[in-house]
Amino acid sequence: MESQDGTIALTGQIGLIWKQTKAPLLVPFLKVMIVVCLAMSVMLFVERVYMGIVIVFLKLLGRKPEKMYKWEAIKDDVELGNSAYPMVLIQIPMYNEKEVYQLSIGAACGLSWPADRIIIQVLDDSTDRAIKSMVEQECKRWASKGINIKYEIRDNRNGYKAGALKEGMKHSYVKQCDYVAIFDADFQPEPDFLYRTIPFLINNPEIALVQARWKFVNSDECLMTRMQEMSLDYHFTVEQEVGSSTYAFFGFNGTAGVWRISALNEAGGWKDRTTVEDMDLAVRASLKGWKFVYVGNLKVKNELPSTFKAYRYQQHRWSCGPANLFKKMAIEIIRNRKVSLWKKFYVIYSFFFVRKIVAHIVTFVFYCVVLPTTVFVPEVQVPKWGAVYIPSIITLLNAVGTPRSLHLVMFWILFENVMSLHRTKATFIGLLEAGRVNEWVVTEKLGDALKAKSGAKASKRTHIRMGERLHLLELGVGAYLFFCGCYDMGFGKNRYFIFLFLQSIAFFIAGFGYVGTFVPTS
């Protein structure tokens, strides 16, 4: 009886503290946060609508790269022979790529281009001696067929991918090359890739980069890869297309692109100061006045990360790096005198601030923290246009990029909200230059690994590695959202509980690591 009275007294004290702190502290704080979040939502909404309008006009006017810039197929010349073709360097950086190294090397060696006008450079930073040996043997096999292929290694991994590419450019034979095409270890260009990209560079001396689109070979592997396809299709179909057509600027995707070597050198070459060396180079080249072209109908096959662990590492790099680069380059961009004011505004506000910072923060803070918290504070109301209409329109505009996945849009919303926690954390690490700011973990490629392993072994590994799959932050947010949902269903008036329960389930699934595929051990 006494313990029951004590519990009632404690509950009463907690209730009293809640009432005393809610009015002077929580209510004003929540109101400020709602204003800030709504402002960020409007920024994102305007950005999405603007890009949507531009894309519609581009489609109606039929503005393709071949029409915007001079493009003429390279013609054989009897007198000049193969010297009519420029020298092209193909760089393939790799690190312990056991499952996919043969695919990328084979695809590069299969490119249609005069044999004496192309050099294929495999930059192997592998630490596994067995894999290193296999890659070297593969290079020797192609060399025996008459392919001009170079196998290059370093005695360290300084600078990671940027360091490998930078070292690769120092070799004497590179000096005879005019252009460099870069392919990550899982990328497989079609034989006509160079014939479709190099003419842009030959006929337009102001162009520094020609970027192709990615085509995902494993998008149907699991629900997580379908979600990635939706996000990346929007990036390529809209963001890259708009940047290329309006400002001749976009972020280099780090692979499936061809650079003019003179432009790359003028921009300062590869730098390893962030985890987005590709974006860093693109911004610096753009500030020198160079233009970029995105060729959306040229697709290069590649693999999406299909394990949750690999995807999380990739997203940390893709979120932390741009925020860190923005911090390091914002003043430099503002002070630059070679590009127009509008282009500087586009790079700073649209490209960096809205897409790389605001988009992550508002998704998590507004929809996973502020909105759920309002169920406890009926004095604070989120306007319907901010809670429903704007996010709905943004979602629909995003989903247009992948029409075949429209029926999965609800799963995509829940998944993106879950990942926004990880991305927001990475964004702040980048802005504050905290501990993991320069963490570089190569995205694991599986190739045909899953097909070669048995399901029984995979199941066994699932139990053994359970501890490694727990993500406590996701579980904590999931628990908070579930509590908010219960409170809203029992006492609240907002009627958010259906969304809150669904979102909490999504966080729990991610928190326990039941996302993506599981790879059995050998």
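Indices start at 1 and increase along the chain as displayed.
The backbone N, Cα and C atoms fix where each Cβ goes, and this holds for glycine too.
These features come from TrEMBL:
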- 179-371: domain 'Glycosyltransferase 2-like' (DOMAIN)
- 32-61: transmembrane segment (TRANSMEM)
- 345-367: transmembrane segment (TRANSMEM)
- 387-415: transmembrane segment (TRANSMEM)
- 470-490: transmembrane segment (TRANSMEM)
- 496-519: transmembrane segment (TRANSMEM)
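Residues 368, 372-373, 375-376, 418, 421, 425, 496-497, 500-501, 503-508, 510-513 of the same chain lie 6 or more positions beyond the ends of the transmembrane segment (470-490) yet place their CB under 8 Å from a CB of it. Counting same-chain residues at least six beyond the ends of the transmembrane segment (496-519), those with a Cβ under 8 angstroms from any Cβ of the stretch are 221-222, 224-225, 305-308, 310-311, 367-368, 371-372, 374-375, 410, 414-415, 417-418, 421, 446, 449-450, 453, 458, 461-462, 466, 468-475, 477-482, 484-486, 488-489. With a cut-off of 8 Å between Cβ atoms, the residues of this chain six or more beyond the transmembrane segment (387-415) that come close are 41-42, 44-45, 48-49, 51-52, 223-224, 226-227, 229-231, 233-234, 236-238, 367, 371, 502-503, 506.
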